[in-house]
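Trainee: The annotation domain 'MacB-like periplasmic core' is assigned in TrEMBL to B:70-278. The domain 'ABC3 transporter permease C-terminal' annotation in TrEMBL covers B:314-435. The feature transmembrane segment is assigned by TrEMBL to B:7-24, B:30-46, B:67-90, B:310-335, B:355-382, B:402-426.
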Amino acid sequence: MKYLHLIWAALFRRKTRTILTLVSIVTAFLLFGMLDAVRNSFDQAGQSANGAQRLQTGSRLSFIQTLPSGLSSQIAQVPGVKSVAYANWFGGAYQDPHNQVFSFAVSDNYLDQYPEVEASPAARKAFENTRTGILVGEKLAQRFGWKVGDKIPLQSTIFPLHDGSKNWSFDIVGTLKAKEASAAWYDQIVLMHWKYFDEGTAYNSGMVGWYVTRVNDVNQADRVAKAIDAISANSDHETRTQTEQAATAAWMKQLADIGLIVGSIMGAVFFTLLLLSGNTMMQAVRERTSELAVLKTIGFTSSSVLLMVLAESVLLVLLGGVIGLGLASLLIPAVAKGSGGMLNLPGVTAGSWMLGLGIMVLIGLLVGALPAIRAMRLNIVDALAGR
Amino acid sequence: MSKSKNFLFGFGLFLLVIACLAVWINLPPWMVAAVAVLFALWMAFTRRGRQAASVTGVGISTLKARLGSSAVVVIGIAGVVGVLVALLAMGEGYAETLRKTGSADTAIVMRGASASEVMSVLDRDSVVVIPQTAGIARNAKGEPIASPEIVVAANLPVKGGKSADDEGSVQLRGVGEHAWELRPNLKIIAGRKFNPGMRELVVGKGAQRQFAGLEPGREIRLGSQQWTVVGVFASEDALESEVWGDAPVVADTYRRGSSRASVTVKLADPNGFKAFQSTLSADPRLKVDANTTLDYFSKQSEGTSKVIRIIGITVGLIMAIGALFGALNTMFAAVASRAREIATLRAIGFRGLPVVVAIMLETMLLALLGGVIGGALAWLIFNGYTASTLAQGSVGQLTFAFHVSPALLWTGVKWALAIGFVGGLFPAVRAARLPVTTALREL
């Protein structure tokens, strides 16, 4: 520690070079921070304490196949089940068929299953009392400039009304707000009454897209899931029940192997960075040969010279890396906002910081190793003579 | 006074760089070729040009002594170009796979305002009426070439999955008897076609790669019933990711009755789509929308490929900034170590311009090398590399191959040269502006 000023002075001996190198390191870790946030947001989806308590029951045939609504009372009787709710995919779009909005027709108790989603008691009450009422996510409302009390049309790309038209009309009675990062996408959805939906279209006739069941005891989840599937075994509407976590994970895996993509990009970036800062350190040590020799002459041991060069390179990478990650944590909210709420990024998490710091130290050590060993082995007489 | 002048000069240079980059990005290849030829002529036939050429020669011949730091420029830029080209190739491959699925002379008819086939339902009457519309091609037997199709999702165990529960979604298409005539590029590569009325399936090559148990002769369970896989087809497009069965049988299994999702038809006249469309919309019995399949599938890929493109360019830009500063670093060091040599040149009468040109040429050559290496690596590793995703507007995994096209490689090289240009310009200008007396005294 007491040599910090010495290391610092050595680092900024050539300001231009150090600053140029720093900028490269900053960009590398800026990229790392942003990509890691993307990876995290994929990993995090569906992973929460509340999510572990929920089971999703869908058709075994496929996710677009529906189930009879009568199953609801049967599932409720399975021991260990706390409550059952159900939902249907509505396939809504606002103004333009390509402007799709995540919209679901849900049972009245649907929101009880999601304690991490907040709706004011007044909004819940108004929702219960309004047949055409909808609750909309806060960010979605912002995006389209909706206010509570507005009457809005939504086109369903799947379900026409009885008269063949697709323009359903709804009244906004309240907003939804996610209390946890893992439920962030509830800020983007529209919930409507399943009853209004079912009566409004000729294409549903009492069917349900999926059931959401809460269990009393998380450890019993597997047993309850099997019991629920057993109800409709060998019928024409066999079900498959999974924990919310497993269902989301399977879904994300089908979407893309984000881990692999992020991993390969970061591999390329860090390899380049290694080379770049390695080159800088080599130059720095080569230039200072005579100074290092003087240090050794006045009594610094070989190992302390080694440590000082290593410390210098670690400091260089740490400095750039911390600035880069800091920039990333500033930029990510801006990016998330700029995307109109389409991207939900959790920001740079503590985990990312730890991983990032670990990588910084590792790269610093790798980069410093060669020049440091060269500095350690320096022969004083040769170095002073400039040989 | 001189400080503000310096600042103004730097600022002017900065604006110039921005302008050059803006022009460069939009420059068509033939213009680039023209610029290169003009430049070569200048180098060969003018006094200044010949001076520049000889200074460049000196610089390049001493590259060997600066191998390590020059490698930083090359590898840094190779990294940028490699990642950029790979990401863009992913978007390109995705879009191309869907685009190839459609053609201008076939049309798809769906219920009005349906964003995709899965969301569309056509009742029995429409399914009967649509093939009788004027403008549809007829085969040798005089039947209209139209295939009422139903599209559903099916869950199948993934290849290499950990448990039997590790299932993925595949698009199952129930097709009519004319489906094969509609898609002449579709070839059975193993086994045979399914027999109408039987619980038999033919599977796409891509689906076979993705899911377990899709070999001809094997039985698989879809819903509560056993199906036999009887063949494999290849089509080099999005259909390859699907599994096909006979439409009535599929509709029965998935309780769709006599309804279908869409009717795909072959147009009698490739330019007759407009007429076909207006005939359909004039028919009071129908409430349907028609699109050429080319249009339909291109639209399906729009959103996703745009997202991939934006991600690719963002990542590429951030990496490019990193590589740019690496290049600046290297070239400033190179200029510093050659300061005395450059000053000598200027003392004996070489002007500033040849020095600037020489250093920029050197950097851009290194950058070009990096760009070529990066592009080549991306091509070697990723061209034809297959990936899959849940496609927009479909309900199954879409398998697609990365496509590293010459246009993408050209984009990569353009980026590399742009980085080299900026990375070389500032060190070059510094070298040319350094007072000769100071530089000669250095070291």
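The backbone N, Cα and C atoms fix where each Cβ goes, glycine too.
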Trainee: Any residues 6+ beyond the ends of the transmembrane segment (B:67-90) with a Cβ under 8 Å from its own?
Mentor: 308-309, 311-313, 315-316, 319-320, 322-323, 326-327, 329-331, 333-334, 363, 366-367, 369-371, 373-375, 377-379, 381-383, 387, 402-405, 408-409, 411-413, 415-416, 419-420, 423
Trainee: Six or more residues beyond either end and a Cβ under 8 Å away: which residues meet both conditions relative to the transmembrane segment (B:355-382)?
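Mentor: Contacts with the transmembrane segment (B:355-382): 52, 55-56, 58-60, 63, 70, 73-86, 89-90, 327, 331, 334-335, 342, 345-346, 402, 404, 409, 412-413, 415-417, 419-421, 423-425, 427-429, 431-432.
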Trainee: Out of B:7-24, B:30-46, B:402-426, which stretch touches the transmembrane segment (B:310-335) the most, going by CB pairs under 8 Å?
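Mentor: Result: B:402-426.
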Trainee: Taking only the residues in the domain 'MacB-like periplasmic core' (B:70-278), give me the average pLDDT of this model.
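Mentor: Averaged over the domain 'MacB-like periplasmic core' (B:70-278), per-residue pLDDT gives 85.
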Trainee: Taking DSSP states H, G and I as helix and E and B as strand, how many residues of the domain 'ABC3 transporter permease C-terminal' (B:314-435) are helix, strand and coil?
Mentor: 92 helix, 10 strand, 20 coil
